[in-house]
Amino acid sequence: MKSYNTLRIIKKAITIYMLFCIVIECIAFPALENLFGCVVLLYGWLFISRTVLKVDFLYHYFIPFVAIFFYGICFFALPLGVTLIEGKPITFRFNVPYITFFNLMLNVTTIVLAFHTCRRIYKEGWLLGIWKKLGYFKVPTEAQIWAMAGAGIFALLYNITIQGTDMMDAENKGAWGQIMNQMTKFAILPIAMLFPKYYGRKNTAIPRTSLIVYFSFIIFLAIVTTKRTLMFTGIVSWGLMAFLVVLLENKKLFKTKTNILIIIGLYLVTGPVADLATAMILNRQSAYSSKAGETFTNIWKLYSDKEKLHNAYNMASLSNSDNGGDNFYAWSEYYVDNILLDRICNLRTQDLTLDYATKLGYDNSKMHRYAENFLMFQIPTPILDIFGYTTNKFDSNYTPGDLLSTEGLGLKNMYKGFRVAGDSGIGLYWMGYSYYIFAFFIYVLVFYFFSSLVSTKLQFIIPIPIIIALLKYMTYFNNSTGIFKSLNLILRNGMQDILLYVILFGVIRLIIRQK
């Protein structure tokens, strides 16, 4: 008789769900491209499920496990069910379905092979040792966590004061403004106190009342400033960490209490939370010119009137001009109706990106220039000044999605709307099919770096910056800036995030001593 294994049960349930959806898909939408898509989605999930999703890998390669697990769920499992519920085929408004699914297969294969290569070469030694010497794994007291959260609130309030001014532009912020922008994430550090033993604290008491009051204040701030990221990062990171604890401790998943919490969580995410996110988006512009109380009232009124809310959202969606899905006169990422699910399981964006890249030509010279400018953008301005670099690097502060849409639509001026795009389309537009070889080596480095951020040798310790950033790792392979996200992580952001935390924590430790 096999022992109870929560992760194995989850994997089996997802596989059965996918097989059921594939049967329905083939009956309801009997087209060859849909069948090919179903085969690729099943291949991707089974490849991840059988070779990556193991409890031992969760312990030893915590962040890579999270990133790949949710890549499998978001891009291979979810699209089947979500599109069927809305009466759509998996290839809803695809232009190049065969190219899309072929490249999806190449992409997942590259990611999984990179993970296993990293697994064979990674040793918990020199890199993790550097983070330990810097103090990244030191265990903060409750008072120190609250103090760092206070610094995050200060940074958030500072950003609110410059909201709507030229100071919000990246090129005008300067070093101080950039630091303040990065420090806002520390406002949700107290979430880690819900999981004390996982960041190494011996006293496992949880200050629940203080946390409830504090996060009620955070949610209010997020609403009045329409900063959805602040609120949802906290909520999702808490929920994800709670789920990972179930896997780490092999807790029984299907208990009455657990089932109720899962149902409530799914209802909140797909209903009230999605509606609140929509109301915040639709009131974003008014937030720049109205007082906090007025913004909160406007959002609450729109949220409360469901008919008005959905009419406003539909009007906003129509203004983006979907054009029946040909994307010749506009860039449309619409795939499913739910605003949150449309962000995390959007295969149409993958198709859209590949369609544009194919029309514009792979290994494109304009993408080569973008890559050169991007690499220059990673170098701090003071260093560029020393070497006499006079070009304003912020002129190139746009995404690959912006470039693709600008070139594909024949726009005269560069569109700078930070559009997201699919990894494969971005890669092919830059390097052609040799991109996958390049991506393999980059992902090996990324997984190596990620693995070094969690200590597993003597004691399993997840530093508190990792706990509050789980949403970032969960959505690491989502549509965004493609391989450039990983290059940014390796060249600048990864080290920058660590240094910012250890410097702030070091200053707080000088002020608030451990007893």
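Note: Cβ is positioned from N, Cα and C throughout, glycine not excepted.
Just so you know, TrEMBL annotations are computer predictions that nobody has curated.
The transmembrane segment annotation in TrEMBL covers 16-46 (among others).
A Cβ distance under 8 Å defines the sequence-distant neighbours of the transmembrane segment (58-78), meaning residues of its chain 6+ beyond its ends; these are 7, 14, 17-18, 41-42, 44-45, 48-49, 52, 104, 108, 111-112, 115, 118-119, 122, 240, 244, 247-248, 341, 344-345, 347, 350, 447, 450-451, 453-454, 456, 460, 462, 466, 470, 473-478. If you look up TrEMBL, you'll see 58-78 (among others) marked as transmembrane segment.
Below 8 angstroms of C-beta separation, residues 33, 36-37, 40-41, 43-44, 47-48, 51-52, 57, 60-61, 64, 68, 71-72, 75-76, 347, 350-351, 354-355, 358, 423-425, 428, 436, 439-441, 443-444, 446-448, 451-452, 477 of the same chain, each at least six residues beyond the ends of the transmembrane segment (98-122), sit close to that stretch. Residues or ranges marked as transmembrane segment by TrEMBL: 98-122 (among others).
Per TrEMBL, the feature transmembrane segment maps to 143-162 (among others).
Residues or ranges marked as transmembrane segment in TrEMBL: 206-224 (among others).
Residues or ranges marked as transmembrane segment in TrEMBL: 230-248 (among others). Sequence-distant contacts of the transmembrane segment (230-248) (same chain, at least 6 residues past either end, Cβ-Cβ under 8 Å): 6-7, 10, 55, 58-59, 66, 156, 184-185, 187-188, 191, 194-195, 198, 215, 218-219, 221-223, 265, 273, 277, 460, 467-472, 474.
Per TrEMBL, transmembrane segment is recorded for 260-282 (among others).
Per TrEMBL, the feature transmembrane segment maps to 433-451 (among others).
Feature annotation from TrEMBL assigns transmembrane segment to 458-475 (among others).
Nonlocal intrachain contacts for the transmembrane segment (495-512), taken as residues 6+ away from its ends with a CB within less than 8 angstroms of a stretch CB, comprise 131, 134-136, 138, 140-141, 143-144, 147-148, 151, 179, 182-183, 186, 463, 465. What TrEMBL records for 495-512 (among others) is transmembrane segment.
Within the chain, the transmembrane segment (16-46) has long-range Cβ neighbours (under 8 A, six or more residues past its boundaries) at 72, 75-77, 79-81, 84, 89-91, 94, 97-98, 100-102, 104-105, 108.
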